[in-house]
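What TrEMBL records for this protein:
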type     : residues                    : note
ACT_SITE : 188                         : active site, pros-phosphohistidine intermediate
BINDING  : 80, 128, 158, 164, 175, 185 : ATP binding site
DOMAIN   : 72-211                      : domain 'Nucleoside diphosphate kinase-like'
Ligand SMILES: Nc1ncnc2c1ncn2[C@@H]1O[C@H](COP(=O)(O)OP(=O)(O)OP(=O)(O)O)[C@@H](O)[C@H]1O
């Protein structure tokens, strides 16, 4: 009951935020506020959902990135603001679902500069770092943060995404199909087990925001006989 009214409240807030967006002519500052409202509503809905489910993946799980090399391996995938603006979220989800991977975490986030800088900490010395952080965190669109689970999902996820520079991405990969610029390459995917662990913890925290569930028919997707 408590969770249901929370969910109703959250969806009302989302509808209001979306309506506000549809009718407003206000510039960027207001856009930031609107996306923050959408993100807040999504977070509340997420909390209500987590309240309802049986087995969230909790802080005391051995590893948020699952067990490397097994069907519980997990990766962090994010559709970046340019991908969101261009309506590519469903295409990314479709590709991972079609492949047989399982979605165990999903939310819309307007990341703070601090979160973005931490996420891209290894690029701090690069000339494009400030621009990258600005564009990821300016709130013109959220980042759609996801955690996907399944066999070899970290390496296969990177292969599905394609090379960092879309002009070098193979046709058929996400970047090779939808992007032409390295500064607007639509999507991020963890590049190692250690990165997946760090990034899942950074974006989803350790408080059980990932959901442990069994995909119906999974035996038709994963088996070595
Ligand atoms: N030369 C560049 N100019 C502008 N932006 C760049 C450049 N190189 C990388 N970037 C941006 O920084 C991001 C992180 O770069 P990195 O080298 O870690 O590549 P990646 O691991 O393929 O990308 P991501 O971490 O986003 O999945 C790239 O996705 C891209 O958006």
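The backbone N, Cα and C atoms fix where each Cβ goes, and this holds for glycine too.
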Please name the residue among the binding-site residues 164, 185 whose C-beta has the most neighbouring C-beta atoms within 10 angstroms. 185
Do you know which of the recorded positions 80, 164, 188 end up with C-beta under 6 Å from ligand 1? 164, 188
Out of 80, 158, 175, give me whichever of these binding-site residues has the highest number of other Cβ atoms within 10 Å. 175
May I ask you to report the DSSP-based helix, strand or coil state of residue 80 (ATP binding site)? coil
Where the residue listed as 'active site, pros-phosphohistidine intermediate' sits in the secondary structure, as DSSP reduces it to three classes: strand
Among the recorded positions 128, 188, which residue has its Cβ surrounded by the fewest other Cβ atoms within 10 Å? 128
Going by DSSP, give the three-state secondary structure for residue 158 (ATP binding site). helix
